[in-house]
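Take a look at the structure set out below.
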Amino acid sequence: MTLSRRDFIKQTAVAATASVAGVTLPAGAANFVTDSEVTKLKWSKAPCRFCGTGCGVTVAVRDNKVVATNGDPQAEVNKGLNCVKGYFLSKIMYGQDRLTKPLLRMKNGQYDKNGEFAPVTWERAFDEMERQFKRVLKEKGPTAVGMFGSGQWTVWEGYAASKLYKAGFRSNNIDPNARHCMASAVQGFMRTFGMDEPMGCYDDFEAADAFVLWGSNMAEMHPILWTRITDRRLSHPKTRVAVLSTFTHRSFDLADIPVIFKPQTDLAMMNYIAHYIIKNNKVNKDFVNKHTVFKEGVTNIGYGLRPDHPLQKAAKNAADPGASRPITFDDFARFVAKYDADTVSKLSGVPKDKLDQLAELYADTNIKVMSLWTMGFNQHTRGSWANNMVYNLHLLTGKIATPGNSPFSLTGQPSACGTAREVGTFSHRLPADMVVTNPKHREEAERIWKLPPGTIPDKPGYHAVLQNRMLKDGKLNAYWVQVNNNMQAAANLMEEGLPGYRNPANFIVVSDAYPTVTALAADLILPSAMWVEKEGAYGNAERRTQFWHQLVDAPGEARSDLWQLMEFSKRFKVEDVWPADLIAKKPEYRGKTLFDVLYRNGQVDKFPLKEVNAEYHNAEAKAFGFYVQKGLFEEYATFGRGHGHDLAPFDAYHEARGLRWPVVNGKETRWRYREGSDPYVKAGTGYQFYGNPDGKAVIFALPYEPPAESPDKEYPYWLVTGRVLEHWHSGSMTRRVPELYRAFPNAVVFMHPEDAKAMGLRRGVEVEVVSRRGSMRSRLETRGRDAPPRGLVFVPWFDASQLINKVTLDATCPISLQTDFKKCAVKIVKV
């Protein structure tokens, strides 16, 4: 790989642009020496390991170790830029406490729930797993086994896991941690369009005239995309940026329309904007008449709490929270008319002139607008509604599926889209938007997987929050966790999380690269390979699927999650997991292992070892004797081809810097549902929302409803949790990078200085954050990047020494079953 004069000039320009945008680049990116003869480095491409942006990086390897990473100049997503986390990618795999051997709780040489962790062989680890899983399956059946997976699984890891549980163990009790971050987005897409994932793409950033951030701090959480917004705003003076949040953060630095609103009132604000559009005759009537229908959703749907909770008992429509009925445009207009400027301003605390400025961005026919959101919408007890309601604004004005007009749901994990959603690792889903409750979908999955009819259960399994409750209640007893840190990430962990992990009736397995809070609560820890220690694939927020090769070996005895899943499947014969009447439908499966049935089925094992690129290692292919990643991917791709989820052939992704599906005849799709851009839209129709049988999108009439818990005299503050630029999720990787750790070593409680003064508190003092569920200690911060309004505190959750989720409430959106981490009531006590 050599550097031409043109490439050198281009790379220098990239470095200069990064400096202006406030994005740090490694020295190697500014002085891009890539001649392997000089450096003795082997450079290869990969997507970044962190967020759902999907930045491309180049990875340098020497002596079987990653020694450097750079932003990939050829990557369309980031065009050579890195954020500060991407800068230090080369260090995430080399923490001093990296796990390299299986660890089992032992006492006197035997497994003991109350024993100490001791190193064991993989054979001993799987022996105990096998014993525990078979015991539970025999005593209680498939509903007592489960798995909690991840939006950080590679595509084939998630696919193999879903297959093992839903087909092998016949249990739908598998859910990803994407339930915590993207489930409301999924339900929003499915309810409005009948298909998941955005219709637009990142190209919209260069075409939009206005950007509206609904509960998204892109400057810190999606900094590379923020540089594209910044570039558009600074180079096109008429471009406007509106930032809406419950507290001030770094994204407000660019805001032309800064809006601080009271928690939960974003629902009312969106109804006001819809009312404004209608009142001012700005509805795109031709688009609305041809391409939309109207429905009214049921209300009073509860908060996803335990059935005996008073709020749940009072909910009239908790049994079917997603129900709706058809209405007319006039009905919808009357519905939103209740949300006038005076009412919404009083409710939200937002001045009326600000509401009108915001509404005009959507109403003005000459303004192309992108709406962008992340956890502010999704982690919301009405998160599915919030997603539906922002689509209302784009559909009423016809500002959708064209360059610059895009309601865009941003993702937080590198493959929350590609693995959790597209593969269907949720407890109710199958690949390509299929669901377990649909008989035709189950039949199709069983056909592709060569299963006896009736293998896949017809009821959704336990979702993430319910898994914790069922572990606590002793109804879920054999449980495997991969690539997540739910003991730190889940709400109300002391009441609903930890008790289940330490329940004597349960056996908990955690696969991870580091001894996380979750791993330390388990009974068996399995050491996992990370990132480029295995061949992988991720799918990012713009439907872009990206591949990488294995570049280095995992340390010690660490093994990939894919190897763990498939190797463990060898421990079970069909007679151990399937009833006799099911086996009778496929008598040729008698005596076979789940590995034989699921992975050595003539499809997954179709591609021989000789097809593996000889320049790269592939530990899994070597272990199993065939190109397992290719086989899994091609079998999985069968679900979506011809159904609007088309993926390119496997080998194409190793050549490309990612492709955006649907990929038809080798061509990717940038804008879905629009004629001329989407191959599934018929000529002459203009637009087709073909996920719905009638080809039309749904505009929903949905109200404002209050949160599950609000401040009162005893607990006078709102608590909001979230992330910071330097750390990713629970910090299990970033806190092991010295530079990132030093930049932000510990979480703090961000508080308004006047609130602190009124309580006699000073910056830096130790305080206790207390809720009805628990408490945690931290230091008070009244300055810095995050500035809450009075009556609200913000606490990041990356710090394993300060478990803020001891305090949070495990209320969910009843439709998406996603937790609301943004709203509960607390008090602050000086220690």
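The backbone N, Cα and C atoms fix where each Cβ goes, glycine too.
Quantities reported herein were computed from a predicted structural model and do not represent experimental measurements.
Taking Cβ-Cβ distances under 8 Å and a sequence gap of 6 or more within the same chain, the neighbours of CYS55 ([4Fe-4S] cluster binding site) are PRO47, CYS48, GLY71, ASP72, ALA75, VAL77, ASN78, LEU81, ASN82, CYS83, GLY86, ILE224. According to Swiss-Prot, the [4Fe-4S] cluster binding site annotation covers CYS48, CYS51, CYS55, CYS83, on the basis of sequence analysis.
Look at Swiss-Prot and you will find TRP797 tagged as substrate binding site, backed by sequence analysis. Reduced to three states, the DSSP call for TRP797 (substrate binding site) is coil.
The annotation domain '4Fe-4S Mo/W bis-MGD-type' is assigned in Swiss-Prot to 41-97 on the grounds of sequence analysis.
Per Swiss-Prot, the feature signal peptide maps to 1-29.
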Ranking the binding-site residues CYS48, CYS51, CYS83, TRP797 by other Cβ atoms within 10 Å, which is at the bottom?
TRP797
Euclidean distance between Cα atoms of TRP797 (substrate binding site) and CYS51 ([4Fe-4S] cluster binding site), Å:
16
What is the number of residues in the domain '4Fe-4S Mo/W bis-MGD-type' (41-97) that are helix, strand and coil, as DSSP sees it?
7 helix, 20 strand, 30 coil
For the domain '4Fe-4S Mo/W bis-MGD-type' (41-97), what is the mean per-residue pLDDT, to the nearest integer?
97
